[in-house]
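Encoded as structure tokens, the structure appears first; notes follow it.
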Amino acid sequence: MKIPASSPQDTTNNNNSTDSNHLSMDEHVMRSMDWDSIMKELELDDDSAPNSLKTGFTTTTATTDSTILPLYAVDSNLPGFPDQIQPSDFESSTDIVYPGQNQQQPTGYGFNSLDGVDNGGFDFIEDLIRVVDCVESDELQLAQVILSRLNQRLRSPSGRPLQRAAFYFKEALASLLTGTNRNPIRLSSWSEIVQRIRAIKEYSGISPIPLFSHFTANQAILDSLSSQSSSPFVHVVDFEIGFGGQYASLMREIAEKSVSGGFLRVTAVVAEECAVETRLVKENLTQFAAEMKIRFQIEFVLLKTFEMLSFKAIRFVEGERTIVLISPAIFRRLSGISDFVNNLRRVSPKVVVFVDSEGWTEIAGSGSFRREFVSALEFYTMVLESLDAAAPPGDLVKKIVEAFVLRPKISAAVETAADRRNTGEMTWREAFCAAGMRPIQLSQFADFQAECLLEKAQVRGFHVAKRQGELVLCWHGRALVATSAWRF
């Protein structure tokens, strides 16, 4: 519901005029949150980390630049999916403690190779599919037997991209069968938060995927605010805020474009287990907003509350321009996409920005667990292949990114595909169109940003494309991130 107000109340200092120096494109594209300050706040800054964690992704305060140094060139011998896997390509794996891993289990991460590889080295894919078929037919005992066999052959996330992906998907299936993912809510520990921060920082340093997601979304937001008649009060409803690093460049742009310094209010819908992170996000974004001399507010709504009340759980203020930023994460938690979109329509947002960095467009909507599982396996194999192209073989950075960024996404994708089997639910795009939403063409400036980002990254194999109104980051023709803007 909307509450009338003459103007939103701010929690920061009064406005001051912003610096008149305009950022160059390279500076604009590459700046991000001050991760080093976050690490120091937790008393676990990078100086305590192993040297192998240093990737050349330099982050500084708001008054200095952040740049990505030239990265490693693509290995022309990287395999395609899936028939070029060779048993001789296996490599050793450095031990990493993964979130939720039982350290007492014998199937840990210290094994050097996979055993019993036949039929070209990827017949374990057939066993994975058999497990999926057993889940669909409720033959759960047989599924456990096949998984036990897979545990002996996929002992660690090592080898080529398909092998590592198969390991993560095997683990996700095991969690699905045992109900591990459905345990009571457990708050993240500080050590887990620090690991995730490190993983996100390193991921942004070696791959263009995270920054492409952030900057295309920010540009879609800025495009919607370009009208001269636009209200200076901006309200972003964010359904996947993470650690909030993407708001640094958005704040900077708002500060530079607004005569009065600008006002930004963010409402983040967060899962219950993220309660610890919210304080960190609020403190860092509030501090950054003060440095940018813009008025800023941030509020958090628990996902459980949103599931009960929908958009009534969010405070809307008259006179603000409301922008809704969504990703597949919210659709995984809600019972129906159509209900979400219909409730969204009542909010009358200026623009809805959808960022798909999980292959949702290709994966979801078939109603077949097997089909969605195979599509997700192929998608994340491509993500891992792009990661291999950006970092040298055996690099510990890749293992950290896989453990704390990609593995949770894979687990969520498998759980979602299993929950939605045989539902016949429409895809997100079908739901958008059915509710009367239409895509908005992203600006040429968004295209330019994306191309500039890839030029900085210097990883061959990535390219930018357009698809049905989306701006898409592709890896050898396969879409890895797709950003689109919509309006009712």
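Yeah, the Cβs are placed from backbone N, Cα and C, and that goes for glycine too.
Here is what TrEMBL says about this protein:
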COMPBIAS  10-21  compositional bias 'Low complexity'
REGION    1-24  region 'Disordered'
REGION    280-312  region 'Leucine repeat II (LRII)'
REGION    415-487  region 'SAW'
MOTIF     234-238  motif 'VHIID'
Per-residue pLDDT averaged over the motif 'VHIID' (234-238), given as an integer: 96
Residues in the region 'SAW' (415-487) grouped by DSSP into helix, strand and remaining coil: 26 helix, 26 strand, 21 coil
Per-state residue totals over the region 'Leucine repeat II (LRII)' (280-312) - DSSP helix, strand, coil: 23 helix, 8 strand, 2 coil
Number of helical, extended and coil residues in the motif 'VHIID' (234-238), per DSSP: 0 helix, 5 strand, 0 coil
